[in-house]
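Trainee: This is the structure I have questions about; it appears just below.
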Amino acid sequence: MLGGCTSHNGMVYTRGSAEDYNRWADVTKDPGWSWDSLLPYFFKNEKWTPPADNHDTRGEFNPAVHSTHGVNSVSLSGSRWPIFENQVIQTTREFPEEFPFNLDYNSGEPLGVGWLQSTIGGGKRSSSATSYLGPKFIQRPNLHVLLHAQVSRLVRPQTTKGIVTFGGVEFSQGGSLFTAKATKEIILSAGSIGTPTILLNSGVGDKNALTALGITSVLDLPSVGQNATDQPALFGASWSVNSTQTIDPIEQNATLFHEAYAQWNASRTGPFTNIGTTHIAWTRLDARSPIFENVTDPAAGPTTPHIEILVGAGSGTGAPPTGNSISFSMAMLTPTSRGSITIQSNNPFDPPLIDPGILVTDFDLFAIRESIKRVYRFVEAPVWKDYIIAPTVNLLNMPTDALDEFIRNTSIPAAHMVSTASMSAKDASYGVVNPDLLVKGTSGLRIIDASIIPFIPSAHTQAPTYVVAERGADLIKERWK
């Protein structure tokens, strides 16, 4: 799909904590990956846009930490649920220690509850296809976009003094194979699944594993496809409520649905300008939690959240087919579980083997359990007393074994996979790319996508990946200026 994940993701715009990026800088020994160094790239990417309903957004975000001059639209909710929204904000007043209000979680200090920001502009999705391949750029004479084409492998490797250079890229289109010749660099941006798959099929990866598949090893890089990191997400907490001001009537009534759709088609306004979530909460595990007796805190620092809670005025998993509900989605932001991307044959068109490594460790399971407790605590605020009827599934009173089974059966990867071609310091014995994003042991082969991210940020990975791309572009321009 043109635009990759930005064309089908949840459109949530989150940057993570400043500590996330400072850890990148520490592990790579490159201060260019720090928060302060990357903030200009966030601004270069972002185009803050008024919401579709043009409501007064004062008190809902901090203009000082946003840009109006970028290419990728970001906005607040374009259709309001004022009764529900008031419930959420009032909770931050009644439980300010546990759920403080955060004017703007994209400031680098995300802890608290804030208004959701999304990659939506003018009531429509803003993706890398609509922005970076939009009318302003697609006509450039040095840009050619091939549709319905699939890269199979890198070809024509040559080794000089132990350094590998690939001469081109093999790809298929319309049932035929073609080769694109490289003149300066090959840039891989196939994502956390596609990039390691292409590398492995090209002979770049663990030598023994490739040899066992009948693939000639060109460069022994055991880290390729390893260290896959994704955030487990749970969509199972919802409550029936005494309010008709939710998305449920539109979902349950065909007439209302088609009216809302017609409104969106005609004017790009109405409830279809939203993603169904109004607020987002970021919280940390208690430092005294027993899990930390045996596990080092995986967060990047003390202001980095472990848990994300998305708050929505509508039904969630397990909600009844009638009536009105509110729902909470939880994600474990700092997982310790790891998976992998491997290949199953020497045919580059066979699908890869994807192990997301979700909920493998005790820490990750514990954190999801704690996220459920936080959600139930959130709705214990007095403001919810006459609003909530009952939980649709009572998770809080489940025995631990039953709850763990529910979590394992219901949780899914958040589709935020990173680290399968991880960045490390230039002198590191592990990793796939150096801080300049060049593949270790190669010349002219660079990776610019989410696969290079060394530690998953406490965020949805869309904005961090845009920043990787923006800095990567500058690294290339600096090399060839």
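Every residue gets a Cβ built from N, Cα and C, even glycine.
Just so you know, TrEMBL annotations never went through curation; they're auto-generated.
Dumping what TrEMBL says about this protein:
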- N9, G10, M11, V12, V151: FAD binding site (BINDING)
- 191-205: domain 'Glucose-methanol-choline oxidoreductase N-terminal' (DOMAIN)
- H416: active site, proton donor (ACT_SITE)
- H460: active site, proton acceptor (ACT_SITE)
Trainee: Could you list the residues of the same chain, at least six apart in sequence, whose Cβ is under 8 A from the Cβ of M11 (FAD binding site)?
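Mentor: Within the chain, M11 (FAD binding site) has Cβ neighbours under 8 Å at S118, T119, I120, R125, S126, I275, Q462.
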Trainee: What residues in the same chain, six or more past the boundaries of the domain 'Glucose-methanol-choline oxidoreductase N-terminal' (191-205), come closer than 8 Å to it by Cβ-Cβ distance?
Mentor: 4-5, 151-155, 157, 164, 166, 215-222, 224-225, 228, 341-343, 346, 348, 352, 354, 417-421, 432, 439, 442, 447, 449-451
Trainee: Using DSSP, what's the helix, strand and coil tally for the domain 'Glucose-methanol-choline oxidoreductase N-terminal' (191-205)?
Mentor: 11 helix, 2 strand, 2 coil
Trainee: Please give me the CB contact count at 10 A for the residue listed as 'active site, proton acceptor', counting all chains in the structure.
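Mentor: Here the count is 27.
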Trainee: So what's the average pLDDT for the domain 'Glucose-methanol-choline oxidoreductase N-terminal' (191-205)?
Mentor: 99
Trainee: Taking the Cα atoms as reference points, how far is V151 (FAD binding site) from the residue listed as 'active site, proton acceptor' in Å?
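Mentor: With distance taken Cα to Cα, the residue listed as 'active site, proton acceptor' is 27 Å from V151 (FAD binding site).
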Trainee: Rounded to the nearest angstrom, how far is the Cα of the residue listed as 'active site, proton donor' from the Cα of G10 (FAD binding site)?
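Mentor: Roughly 11 Å, rounded to the nearest whole number.
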Trainee: Validating a neighbour-count step here. Other CB atoms within 10 A of the CB of N9 (FAD binding site): how many?
Mentor: 19
Trainee: Considering only the recorded positions N9, V12, H460, which residue has the minimal Cα-Cα separation from H416 (active site, proton donor)?
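Mentor: Nearest candidate: H460.
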Trainee: Can you give me the Cα-Cα distance between V12 (FAD binding site) and H460 (active site, proton acceptor) in Å, rounded to a whole number?
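Mentor: Given the Cα positions, V12 (FAD binding site) is 7 Å from H460 (active site, proton acceptor).
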